[in-house]
Structure formats: C-alpha cells, structure tokens
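Engineer: The structure's right below; bear with me while I get my questions together.
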Amino acid sequence: WIMGHMVNAIEQVDEFLDLGANAIEFDVDFDDDGVAKYTHHGIPCDCGRLCTKYAVFTEYLDYVRQVTTPGDPKFRKELVLLALDLKLQRIPSEKAYAAGVDVATKLLDHYWMRGWNGGRAYILLNIPLVEDYEFIRAFKDTLRKEGHEQYNAKVGINFTGNEDLDEIREVLEKLGEDEHIWQADGITSCFPRGTERLKKALEKRDTPGYKYISKVYAWTLVRSSIMRRSLRLGVDGVMSNYPDRVVKVLKEKEFSDKFRLATYADNPWEKFTPI
C-alpha cells in the first residue's frame, strides 16, 4: 500500500492517485464538541508541504465515495484504502466517544450511503493515542445501533502515536478487538527516525498466533534510501508525500519480484504469508 500523505483538499485526491498512490491519508479536524468539521492538518506540518489545505469533511467524503464507487464517472479502481488521521489529540479525551459517533454517522450518510451504492474502499481509523480508545467503542456502537454492522468488515484500527506496543495490545484487548489491526511507526518527514520500534512491530506481526498486528507501515518517508530500508525490513505499506518515488523504488530489481501494489482483491486485514 502506497499511502499518499495529508491529502486534505478535494483536488489533491486525483493528484496523489496520478502519482501512484493506491491509498490516501487525510486529517479529520474536530470542533470542541467532537464534531468532525474539516479535512485539515494546520501548522506545523511536514517540511515542504502546504499545511493549510482543507475541505468540509462531509463534502470530502462525498467526493471520495464517487472515486471509489464502480460505475461512477469519477471512479478510480486503484484507490482501495482511506486512512482517516483523526485529530483527537486536539480535543479533550472525554469527547472521544462523541467524535466516534459523529464520524461513524457521517461515513454512513456520506460514504456508505447506508447500503445504497456507497464507496467500496477499506477504511483505516488512525487514532493518535491509546487514551482516545473510546472513539473505537463509539464507532462500533453507532454501526450496531444504526443496523449497519456489515461495515465492520471494511474498517480497521491503527494507533499512530508510537506508543508502547504492549500498551496498545492491552487497550485492544480491553475493547475486545483482535482483528483488522494495523500498526504505524514513524515521524514527520522533517526528522530522521531509527528502526527499533518498527522492527519490534514487524516481529510481533510475524509471530504465529499474534493477533494484534496484521499490517505494519512506515511514515512519512520522502527519501528513497529510507523507503528501501523500510522495504528491506518487510513493511506492508509506506506513507509518503511523494508516491511516485515509492513507485520508482518498487521497480528496482531488488524489490520488483518481492513487492507489488495492493489491489481491491487484497484483504488489508490479513497477514501476508509469502509463498
């Protein structure tokens, strides 16, 4: 999975897909009551990027629904995963539940259309800190109450704050979640980062019977050398400001027979087992 990073304006969606991304990450900004208002990162953000691009959250969902609905004139078959970078760290933890209800409801109304020809992409809920775990509970509760639990099959969870992996597992256990789990490791592209925690996450992913990580990705990679380093370690995905650079690296002899771009037929919740 090549994840385009910080794709917050509607016109950027096709821009990043044209560069080779098959997944996009966008920031979801909340008001003080936990209502999702905009796709917006704000200042500061990654080096060399404009931090202020935004869209109204529901309008953004309407657009990506079209892009991921077969038969729609805007359909792009390559876009298979939407990662919502939920800016919950900007609101009080006690509002995390309200935020989960709101995001689930807006996805039902604007993306899935409650079963009426909605978008088909998989959804990854990126949660900054384990203390905001009530968001997940609220999201699942809302799908259940609204009678649309079928969408759980499309939804995964990912804690992105580089917290202790065992602490993350404990929170997932508390929530009763042991599938559809991704693990991100990374830092803003402005700073270097070692591979110690990334290696630990990959080790857990590859431990037979370990359920709490099915995919691991590194973010936000801009240098080809760091992309190569991550691929050598065996990541499932790379988040980048420059998807075209990832595409180029994947074509190199060292990687071209080991990796390929994920398509809609690839299940993002299953561990990859090499043949």
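Placement of Cβ uses the backbone N, Cα and C atoms for every residue, glycine included.
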Engineer: Hey, Swiss-Prot has Mg(2+) bound by Glu25, Asp27. Any idea which of Asp72, Asp85, Asp102 it lists too?
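Structural biologist: Record source Swiss-Prot; matching candidate: Asp85.
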Engineer: Any idea which of the active-site residues His5, His41 has the thinnest Cβ neighbourhood at 10 Å?
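Structural biologist: If we count Cβ atoms within 10 Å for the active-site residues His5, His41, the smallest count is at His41.
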Engineer: When the Cα of Asp27 (Mg(2+) binding site) is compared with the Cα of each of the recorded positions His5, His41, Cys47, Cys190, which one is closest?
Structural biologist: His41
Engineer: Work through the recorded positions one by one (His5, Glu25, His41, Cys45, Cys51) and name whichever has its CA nearest to the CA of Cys190 (disulfide bond).
Structural biologist: Cys45
Engineer: Report the same-chain neighbours of Asp85 (Mg(2+) binding site): residues 6+ apart in sequence with Cβ closer than 8 Å to its Cβ, ordered by sequence.
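Structural biologist: Listed in sequence order, they are Met6, Glu25, Phe26, Asp27, Val28, Asn126, Thr160.
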Engineer: Mind giving me a neighbour count for Cys190 (disulfide bond)? Other Cβ atoms within 10 Å of its Cβ, every protein chain shown.
Structural biologist: 13
Engineer: Please report the Cα separation of Cys45 (disulfide bond) and His5 (active site) in Å, rounded to an integer.
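Structural biologist: Checking the Cα atoms of Cys45 (disulfide bond) and His5 (active site) gives a distance of 11 Å.
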